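*Asks:* Have a look at this one.
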Ligand code: ACO
């Protein structure tokens, strides 16, 4: 049986770091309010002319270097974003050209907003298992600052820009859960809730791109409940409970959602990777960015059993169980 192993991790944040105090000079808000309600202290915003594909390319290069591979080895690119450079071509195609991958390498985008990386991981993992690729780049990259309404203090303080990437490599190692690789991916969506978190406009409706709209309290409630359920589902599929996990690597929406989910799962908060204080919510980039940070600082080790989870607009949500 073929499995995809996470062979490399990379992340990239734009140079421009924006603190809560910086934002408070632009919007009627305060460092104290943002910290208390969200745990966020700062976020990064892309510079003018710095595009999602630029962030994605930098993260992908870092992940390839971490895996000890060059771009010629890549035979699939799946990129999750809700903020593509253009309506088309896919941002993944621009990354393929920028990296210098072999022409002909399949490359496409996946759009599931904040859970986009989980969806992209599920698609890439399925393709590796089906024998369609042996070395895949899975990227989450966003320039959310471009779709924020800086007149809406309830949303604009929550998000940041960034990118994260992982390299998947096919492995034929025999065995059960002790073997490194993605052991299962669990994806869900419920379009009845699309009105709770959305960007107005788009090519087919208005031809223009709008801004983020959100009913924060409702989103919060759904997030904690659905994230708890999908992590339990992922663990139960293998006869496990949260106590069996070495780490939970969640989507970094805000610290209160992270804490609420960990409490409901009865996971020690010290076992939850949190980067939200410095990154804010980078949507599809948040899980791979958190992976790259926690791998680089030594928290995530080879052999660890981890669960990834995310929820985003739609709603879409998902989880993955991975042995590093
Ligand atoms: N600065 C100062 N005051 C603010 C700000 C701000 N940035 N934003 C709102 N307020 C004020 C409101 O105007 C309101 O004032 P009022 O009482 O005088 O009317 C007060 O603060 C409370 O506002 P609420 O919206 O009720 O605040 P709440 O406690 O619900 O916190 C928050 C808002 C942080 C958005 C919360 O609902 C939340 O975390 N929701 C989850 C949403 C989320 O993280 N979404 C990310 C995308 S989805 C995902 O990734 C899972």
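Placed from the backbone N, Cα and C atoms, the Cβ positions cover glycine too.
Just so you know, TrEMBL annotations never went through curation; they're auto-generated.
Features from TrEMBL:
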type     : residues : note
ACT_SITE : 114      : active site
ACT_SITE : 251      : active site
ACT_SITE : 281      : active site
DOMAIN   : 108-191  : domain 'Beta-ketoacyl-[acyl-carrier-protein] synthase III N-terminal'
DOMAIN   : 235-323  : domain 'Beta-ketoacyl-[acyl-carrier-protein] synthase III C-terminal'
REGION   : 252-256  : region 'ACP-binding'
*Asks:* Any idea what the Cα distance is from residue 281 (active site) over to residue 251 (active site), rounded to a whole Å?
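*Replies:* About 8 Å separate the Cα atoms of these two residues.
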*Asks:* Tell me the Cα distance separating residue 251 (active site) from residue 114 (active site), rounded to the nearest angstrom.
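*Replies:* Cα-Cα, rounded: 7 Å.
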*Asks:* With DSSP helix as H/G/I and strand as E/B, how many residues of the domain 'Beta-ketoacyl-[acyl-carrier-protein] synthase III N-terminal' (108-191) fall in helix, strand and coil?
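*Replies:* Helix (H, G, I), strand (E, B), coil: 26 helix, 33 strand, 25 coil.
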*Asks:* Given a separation of at least six residues and a C-beta threshold under 8 Å, show me what packs close to residue 251 (active site) in the same chain.
*Replies:* 114, 115, 227, 281, 286, 287, 309, 310, 311, 312
*Asks:* Within the domain 'Beta-ketoacyl-[acyl-carrier-protein] synthase III C-terminal' (235-323), how many residues are helix, strand or coil going by DSSP?
*Replies:* 37 helix, 22 strand, 30 coil
*Asks:* Suppose we draw a 10 Å sphere around the Cβ of residue 114 (active site). How many other Cβ atoms does it contain, all chains included?
*Replies:* 32
*Asks:* In this predicted model, what is the average pLDDT of the domain 'Beta-ketoacyl-[acyl-carrier-protein] synthase III C-terminal' (235-323)?
*Replies:* 97
*Asks:* Is it possible to get the count of other C-beta atoms within 10 angstroms of the C-beta of residue 281 (active site)?
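*Replies:* A count of 25.
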